[in-house]
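Per TrEMBL, the features are:
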DOMAIN    36-117  domain 'Yip1'
TRANSMEM  47-67  transmembrane segment
TRANSMEM  87-109  transmembrane segment
């Protein structure tokens, strides 16, 4: 059942060094390989990296927005106040980006691929709008 913690536990069963290795290899690819998932993921997909990267980015955006607002009003007579709504705005933007962009890409690729009808499915992506 996907409502239980045990269902998601397998996606968080990674070590920190594996997550760091995956992040570094996604930013700095060392060699082009056809078996990237076999070599890097090794049958252990995880949600630890993407979730913590998103959460870290949300708080970084919120903190830097408040710092920028503080620096902008530093020489003014107006008393500066922090804005906790920046966390909500950043969370909405980042989580929409993390979930909606991949979903849109998946949908676009799913509905624009063509199969030839043989036993072995060959796909061809068409970027033409019809």
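Cβ coordinates come from backbone N, Cα and C, glycine included.
Predicted, not measured: the structure shown is a model, and the values here were computed from it.
Beyond the ends of the transmembrane segment (47-67), by six or more residues, the same chain brings 8, 11-12, 14, 19, 22-23, 82-84, 86-87, 89-91, 93-95, 98 to within a C-beta distance below 8 angstroms of the stretch. Computed over the domain 'Yip1' (36-117), the whole-number mean pLDDT of the model equals 84.
Here the domain 'Yip1' (36-117) is broken down by DSSP into helix, strand and coil counts: 59 helix, 2 strand, 21 coil.
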